[in-house]
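Feature list (source: TrEMBL):
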type    : residues                     : note
DOMAIN  : 21-123                       : domain 'Serine hydroxymethyltransferase-like'
DOMAIN  : 156-428                      : domain 'Serine hydroxymethyltransferase-like'
BINDING : L163, G167, H168, L169, E289 : (6S)-5,6,7,8-tetrahydrofolate binding site
SITE    : H274                         : site 'Plays an important role in substrate specificity'
MOD_RES : K275                         : N6-(pyridoxal phosphate)lysine
Amino acid sequence: MSAELNPESTAFRSALEVVRSVEPRIADAIAKELHDQRESLKLIASENYASPAVLLAMGNWLSDKYAEGTIGRRFYAGCQNVDTVEAVAVEHAKALFGAEYAYVQPHSGIDANLVAYWAILADRVEVPYLKKFSKRQVNDLTDAEWAELRAAFGNQRMLGMSLDAGGHLTHGFRPNISGKMFDQRSYGVDPATGQIDYKALRDTAKEFKPLIIVGGYSAYPRKVNFATLREIADEVGATFMVDMAHFAGLVAGKVFTGDFNPIEHAHIVTTTTHKSLRGPRGGAVFAQESLASQVDRGCPMVLGGPLAHVMAAKAIAFAEARRPEFATYAQQIVTNSQALAEGLLKRGVQLVSGGTDNHLVLIDVHPFGLTGRQAEQALLDSGVVTNRNAIPNDPNGAWYTSGIRIGTPALTSRGLGAAEMDTIAELIHTVLSSTKPAEGSKAKFQLDESVSDSVSKQANELLAGFPLYPSVDLG
Ligand code: PLP
């Protein structure tokens, strides 16, 4: 190995050599993933590129340690180093977000939400003893029995954003356990503006009287006024939770402040750490001190043993996000997203809500005669990686959809700016306007190969000026 290699190249090359000695196919797949990511125009709103320091903090013997429990109070011996790691991650997380309390153990965003729901239930609901259910398996319960159980527990209700307006499955929808735990009612957007209808939300909350109001989203392109949501929660006696998984980077980077900063207004806030926040794959919970002891029970109530190696990487990511450069990065994410929206609008592309205030843009592909599924694949065939998404009142449902969600956190990490966003808008418009749906199919389509090849080539040329992980040379 060359002596002149920088530390990142040396570290990753050495790691791959060690992995290769056991199973070359895994080493090859890891190396190929870097190659593929370097070549792809990644517009997936929920993805990013973590720093080499974040990635390297995960590949070590912290992974070998069991550490159920909390800092200084573990169910296993010998956790002093995990205690240090978790305490440093918590210290950075609290300082970064200005939170009273932080819990950095959740393995993912879904896990963080489950921890939060359980903490709220434990805090607010008196548990009855129901003999009838004592020997039953939850998987065998009928819907009616679930309803009976919920009623006995105080009929817990959740009010969250509807899926087609951009909400997430974990906000009380059937494919997730939250849909069993809670009676769910949704709030949506005003069809005229595509933005949250706060008046309708307030009316629904007053009538439904939820235990929890959930703010936050996966596919809503606008700011949310969390101060107003808190006001509504207070009016109806609900606990106000925000899932900031998508926009945590914009909160950390002080783009969302005041009424738009969930930490200032919610009783409890959950997040992922790997999207706009640019950390390792994982989750976290922030709460007011009064909920801390319930959240601390996350493991083993909801979570398996903490992943100490990932908590180490979270500490690195939180520390990175406390640097002034991160605020510049977060602002650039939004500048880029707005430039992309403008580039699309000026080419006649229809956007849900007519634009964006955050890291994502939602294209309505209906005017092109396409479903989201067709548009997603046509773009992918042309080297542009996006994902399909439902739009408000989507006529094509959640599978085929009528929307394409695009986001800028990843390309902003690569250094692309507003000028490049205009070029990308041109590429997207070229693909969408050249794609024709196949007769009678919501999935098949025709796209001239010369178009997809030309767009792919232009996308590659664009990316060549913005190398990904420039400090990492795998040889
Ligand atoms: N919450 C929101 C708003 C999300 O968008 C997502 C993932 O896309 C999650 C939670 C779940 O995160 P994870 O995949 O880490 O479980």
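Even glycines carry a Cβ here, placed using N, Cα and C.
Just so you know, TrEMBL annotations are computer predictions that nobody has curated.
Overlay of TrEMBL annotations on the structure.
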{"residue": "L163", "record": "(6S)-5,6,7,8-tetrahydrofolate binding site", "DSSP (3 states)": "helix"}
{"residue": "H168", "record": "(6S)-5,6,7,8-tetrahydrofolate binding site", "DSSP (3 states)": "coil"}
{"residue": "H274", "record": "site 'Plays an important role in substrate specificity'", "DSSP (3 states)": "coil"}
{"residue": "E289", "record": "(6S)-5,6,7,8-tetrahydrofolate binding site", "DSSP (3 states)": "helix"}
Fill in the blank from the handout: L169 ((6S)-5,6,7,8-tetrahydrofolate binding site) has its Cβ surrounded, within 10 angstroms, by a count of other Cβ atoms equal to 16
Completion exercise
Close to ligand 1, in the sense of Cβ under 6 Å, among H168, H274, K275 as recorded positions, are H168
Completion exercise
Grouping DSSP H, G, I as helix and E, B as strand, the residues of the domain 'Serine hydroxymethyltransferase-like' (21-123) number 60 helix, 9 strand, 34 coil
Handout entry: Candidate nearest H274 (site 'Plays an important role in substrate specificity') in space, where candidates are the binding-site residues L163, G167, H168 and distance is Cα-Cα
Key = H168
Problem - Nearest recorded site to K275 (N6-(pyridoxal phosphate)lysine) by CA-CA distance, among binding-site residues L163, G167, E289 - result: G167
Completion exercise
Within 10 angstroms of the C-beta of L163 ((6S)-5,6,7,8-tetrahydrofolate binding site), the count of other C-beta atoms across all shown chains comes to 21
Practice task
Summarise the model confidence on the domain 'Serine hydroxymethyltransferase-like' (21-123) as a single mean pLDDT, whole number.
Solution key: 97
Practice task
Would you count the other C-beta atoms found within 10 angstroms of the C-beta of H168 ((6S)-5,6,7,8-tetrahydrofolate binding site) for me?
Solution key: 23
